[in-house]
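Listed in Swiss-Prot:
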DISULFID  CYS112-CYS194  disulfide bond
CARBOHYD  ASN13  N-linked glycosylation site
CARBOHYD  ASN18  N-linked glycosylation site
CARBOHYD  ASN106  N-linked glycosylation site
TOPO_DOM  66-72  topological domain 'Cytoplasmic'
TOPO_DOM  134-158  topological domain 'Cytoplasmic'
TOPO_DOM  238-259  topological domain 'Cytoplasmic'
TOPO_DOM  309-326  topological domain 'Cytoplasmic'
TRANSMEM  45-65  transmembrane segment
TRANSMEM  73-93  transmembrane segment
TRANSMEM  113-133  transmembrane segment
TRANSMEM  159-179  transmembrane segment
TRANSMEM  217-237  transmembrane segment
TRANSMEM  260-280  transmembrane segment
TRANSMEM  288-308  transmembrane segment
Amino acid sequence: MCPLTLQVTGLMNVSEPNSSFAFVNEFILQGFSCEWTIQIFLFSLFTTTYALTITGNGAIAFVLWCDRRLHTPMYMFLGNFSFLEIWYVSSTVPKMLVNFLSEKKNISFAGCFLQFYFFFSLGTSECLLLTVMAFDQYLAICRPLLYPNIMTGHLYAKLVILCWVCGFLWFLIPIVLISQMPFCGPNIIDHVVCDPGPRFALDCVSAPRIQLFCYTLSSLVIFGNFLFIIGSYTLVLKAMLGMPSSTGRHKAFSTCGSHLAVVSLCYSSLMVMYVSPGLGHSTGMQKIETLFYAMVTPLFNPLIYSLQNKEIKAALRKVLGSSNII
């Protein structure tokens, strides 16, 4: 895990341009402005979603760790991805749930930027890991004879570590730069999480270069990895069409189908939210989009893999002890 140094308080211009700056040690996450009964309903709904997400991804990671037959690079990558999903959803949802029942809905200055850092870093690590998983699929289908010699346990470990390290380094500089910027009151972020878009709206001084830097990094992560995945699966599709056996084509398609579904779900939401932030999106829609990729996507991922993959379904039945449960 990469160390992150943030100033604990921010500077806020409290009145006129010539006035002094006041230290601020917290933000207010406005969230959804609705009646108390609706807040309780949303709390119950998102608590259930969070519990199901943790349970589903935890079950996938656990069965892949327990079943030695699935200790292959493809399934170990999936286990790491499920483990990442647990931490990804936990970087924002617990605080969000607390705020549903809180009157003030505050978050400390350092806590806000740490949430932003971990949310984006874990998301970046997931994007990188999905790309590595696509590369693994390419090797397995397009280079089956060379696959055991290329995708060794040593290379697998290197790729996983690289995804984690690069993910946590990618947004380190932007988060430090944003944390040092003075902002104008009130210290209210009109969002459900500490997102850079609403945070930039509070800045006293326009910082187009920093904003461009952040959006460029986001676009590089999203489009760079997405194009690599598209390229990998173009070659995979070409290899599949050249297979003489329909059984082989069906097996290859079933192996890739789950990963493609997860990639589509993940990148579609990311592109909508971060490629053109603030363009054509109302504040309410931005909150809904954030909830979708922060909670709904991690919930569906274990369902997609468990329903599509026979080996994982068999492993789940074995661990749960009953073939009638799955």
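Just so it is clear, glycine is given a Cβ too, placed from its N, Cα and C backbone atoms.
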Write down the Cα-Cα distance for ASN106 (N-linked glycosylation site) and CYS112 (disulfide bond), rounded and given in Å.
9
On average, what pLDDT score does this prediction assign to the topological domain 'Cytoplasmic' (309-326)?
69
Please report, as numbers and ranges, the same-chain residues at least 6 past the borders of the topological domain 'Cytoplasmic' (66-72) whose CB is under 8 Å from any CB of it.
311-312, 315, 318-319
Taking each of the recorded positions ASN106, CYS112, CYS194 in turn and counting other Cβ atoms within 10 Å of its Cβ, which one has the fewest?
ASN106
Between the Cα atoms of CYS194 (disulfide bond) and ASN106 (N-linked glycosylation site), what distance do you get, rounded to the nearest Å?
11
What else in the chain is close to the topological domain 'Cytoplasmic' (134-158), if you only count residues 6 or more beyond its ends and a Cβ gap under 8 Å?
73-74, 76-77, 228-229, 232-233, 235-236, 239-240, 252, 255-256, 259, 263
By a Cβ-Cβ criterion of under 8 Å, what residues six or more beyond either terminus of the topological domain 'Cytoplasmic' (238-259) are in contact with it?
74, 130, 133-134, 137, 140-142, 304-305, 308-310
